[in-house]
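Visitor: Got a structure here, written out as structure tokens. Questions coming.
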Amino acid sequence: MFYDRAKIYVKGGDGGNGCIAMRREKYVPFGGPWGGDGGHGGDVTFIADEGLNTLQDFRYKKHFKAERGGHGMGKNMNGPAGEDLLVKVPTGTVVREAETGRLIADLLENGQQVVIAKGGRGGRGNVHFASSSNKAPRIAEKGEPGEELWLELELKVIADVGLIGFPNAGKSTFISMVSAAKPKIADYPFTTLVPNLGVVSAGEEGSFVLADIPGLVEGASQGVGLGHEFLRHTERTRLLIHVVDTAGTEGRDPVEDIKIINRELELYDPRLSTRPQIIAANKMDIIPLAEENLARLREEFGEQFEIYPISAATNQGLDKVIHRVAELLAQLPKIEPEQPEEDVMFEPEERFNIKRDIDGNWRVTGKEIERHVAMTYLEEDQSLERLQRIMKMMGLENGLVEAGVKVGDIVRIGDWEFEWSE
């Protein structure tokens, strides 16, 4: 099976915890704090690999987590950084955040790397919290949690030219005659169930990658047949070869076939309607009907498209098509990768949000406050006091009071619960 979609979970490594330690050595009076910092968590990085051509591996492994940073230790020793996790994906993979659809990366080049989930920073050891009023602080930070998110992966094959047309128009025969690709060929619809790629040599004019796009029928843009699954693979192409059954061996009108397929392309993505296209009028070896329909094709589309009579089965006319395609490709620009949207205007997030859960308890959300709570040693009184000061400076205490919190109420922040008291 050909898998071009996957949903996976990734998480950057958590930062290592900072250490609470005191220096206790002979001849060193008032040794003071000596706790080291935690190491930075590892990143989850995707790397494009041209040796891969499917997302099938992600059917069996869906969770990817980088190594956490090492914890700080006494004697002011810092923990080691966590190892980054490299995840190989096929070239042509588009990475989006599953919840929002936000584009994160479009990996087009072999070896291209993108950090998908950053590791958390290491927590600071208590050596950082010494002051004139607190020379032996029992304050340190736990490691910052690494970024985590669910991703939608979508593979769009990378080819210079796409072969489009109705089932049984002869696309698979075409690609098998001009390249080393060996698609399944049979006399029934939907023989081809996966996009087949082949490298085509045009002599001195160079070579190009050709993709046989299967499953295009009327209604494909709305999911009819297999077209909805494979139309995305036309997006990377720079030029389209529209293969049509000129002889009408399947009982269809070749003129209407071209109109239908082009309408489906435009409905799926209006940009495809402007993609350069040539018509390969196939099955010209079946006469006289093919010759009559060729004249109709030229009358209907001659001013809009270049039309080449061919017979893929007998190799008739294929060389002319290939050399013309190579000439056109030399004049066409490369398809640019999708770019993540950039915020034009900076809009600061609210520092926190307060709401009441269905059970009557309070829930506080916000990246900053949740990070502070996650990085606090709540079992240490001094660390807890520091967190309370931070909450007060952020305005959280006043916010809860204004929201109506009462003594004894439970306030949830992240994974922790606190009982409200005066």
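Quick reminder: no glycine exception, Cβ is built from N, Cα and C everywhere.
Per Swiss-Prot, domain 'Obg' is recorded for 1-158, and the stated evidence type is sequence analysis. Under the heading domain 'OBG-type G', Swiss-Prot lists 159-330, citing sequence analysis as support. Summarising the annotation, Swiss-Prot assigns GTP binding site to 165-172, 190-194, 212-215, 282-285, 311-313. Here Swiss-Prot flags Ser172, Thr192 as Mg(2+) binding site. As annotated by Swiss-Prot, domain 'OCT' applies to 344-422.
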Visitor: Identify, in sequence order, the residues in the chain of Lys283 (GTP binding site) that are 6 or more apart from it along the sequence and have a CB within less than 8 Å of its CB; answer 'none' if there are none.
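Guide: In sequence order, Gly170, Asp245, Thr246, Ala247, Thr249, Ala290, Ser311, Ala312, Ala313 meet the Cβ cut-off.
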Visitor: On a count of neighbouring CB atoms within 10 A, which of the binding-site residues Lys171, Ser172, Ser311 is highest?
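Guide: Within the set of binding-site residues, the most crowded position is Lys171.
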Visitor: Taking helix as H, G and I and strand as E and B in DSSP, count the residues of the domain 'OCT' (344-422) in helix, strand and coil.
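Guide: Counting residues by DSSP class gives 30 helix, 17 strand, 32 coil.
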Visitor: State the count of C-beta atoms found within 10 angstroms of the C-beta of Asn168 (GTP binding site), not counting that atom itself.
Guide: 20
Visitor: Please report the DSSP secondary structure of Ser311 (GTP binding site), reduced to three states.
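Guide: Going by the DSSP assignment, Ser311 (GTP binding site) falls within a strand, counted as strand.
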Visitor: Write down the Cα-Cα distance for Gly165 (GTP binding site) and Ser172 (Mg(2+) binding site), rounded and given in Å.
Guide: 11
